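Pulled from Swiss-Prot, these are the features on record:
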DISULFID  Cys11-Cys72  disulfide bond
DISULFID  Cys27-Cys118  disulfide bond
BINDING   Tyr28, Gly30, Gly32, Asp49  Ca(2+) binding site
DISULFID  Cys29-Cys45  disulfide bond
DISULFID  Cys44-Cys99  disulfide bond
ACT_SITE  His48  active site
DISULFID  Cys51-Cys92  disulfide bond
DISULFID  Cys61-Cys85  disulfide bond
DISULFID  Cys79-Cys90  disulfide bond
ACT_SITE  Asp93  active site
Amino acid sequence: NLLQFGFMIRCANRRSRPVWHYMDYGCYCGKGGSGTPVDDLDRCCQVHDECYGEAVRRFGCAPYWTLYSWKCYGKAPTCNTKTRCQRFVCRCDAKAAECFARSPYQNSNWNINTKARCR
């Protein structure tokens with residue numbers, strides 16, 4: 001779920017950046033998403049959105065609300081969960097958190113005018 005995803009992000013980036021910085025970044029990080037991602041970090045969010053969509057289509061999951069079990073080993077969020085939905089959503093979140101950690105954060109892409117830049 002979204003709360004657990006936030007903790008995964010903190011795990012992967014060693015708390016180097018507050019989680020809320022990712023809530024309104026580029027064209028895809030945060031609510032909704034459209035157009036061409038502005039950079040690699042925004043592309044991580046696009047892939048995460050697509051992964052959640054796949055969870056809904058393939059398994060009928062509710063990814064924003066699905067609780068799962070995971071642990072933080074070093075900087076690696078590791079899923080340890082049973083059901084198909086839990087496993088799939090957990091992996092979506094873990095992959096995105098790791099992607100965030102390896103992608104540069106450009107302050108100029110935070111809180112952008114999405115109507116103008118995300119076509």
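Here, residue 1 is simply the first one shown, and the rest follow in order.
Using N, Cα and C of the backbone, Cβ positions are placed for all residues, glycine too.
Bear in mind that the values here come from a model prediction, so they are computed numbers and not experimental data.
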Near-site residues: Ca(2+), ref Tyr28, Gly30, Gly32, Asp49, CB cutoff 8 A to centroid: Cys27, Cys29, Lys31, Gly33, Ser34, Cys45, Gln46
Spatial neighbours of Cys118 (disulfide bond) among the recorded positions Tyr28, Gly30, Gly32, His48, Asp49, Asp93 [C-alpha, 10 Å]: Tyr28
Spatial neighbours, same chain, of Cys51 (disulfide bond) - Cβ under 8 Å, 6+ residues apart: Arg91, Cys92, Lys95, Ala96
Neighbouring C-beta atoms (10 Å sphere around the C-beta of Cys92 (disulfide bond)): 24
Residue among disulfide-bonded residues Cys72, Cys90 with least C-beta crowding, 10 angstrom cut-off: Cys72
Between Cys29 (disulfide bond) and Cys44 (disulfide bond), the C-alpha gap once rounded to whole angstrom: 8
Cβ atoms near Cys45 (disulfide bond) (within 10 Å, other residues, all chains): 22
Coarse DSSP state, helix versus strand versus coil, of Cys61 (disulfide bond): coil
Collapsed DSSP category at Cys45 (disulfide bond): helix
Cβ-Cβ distance under 8 Å to Cys61 (disulfide bond), same chain, at least six residues away: Ala55, Arg84, Cys85, Phe88, Val89
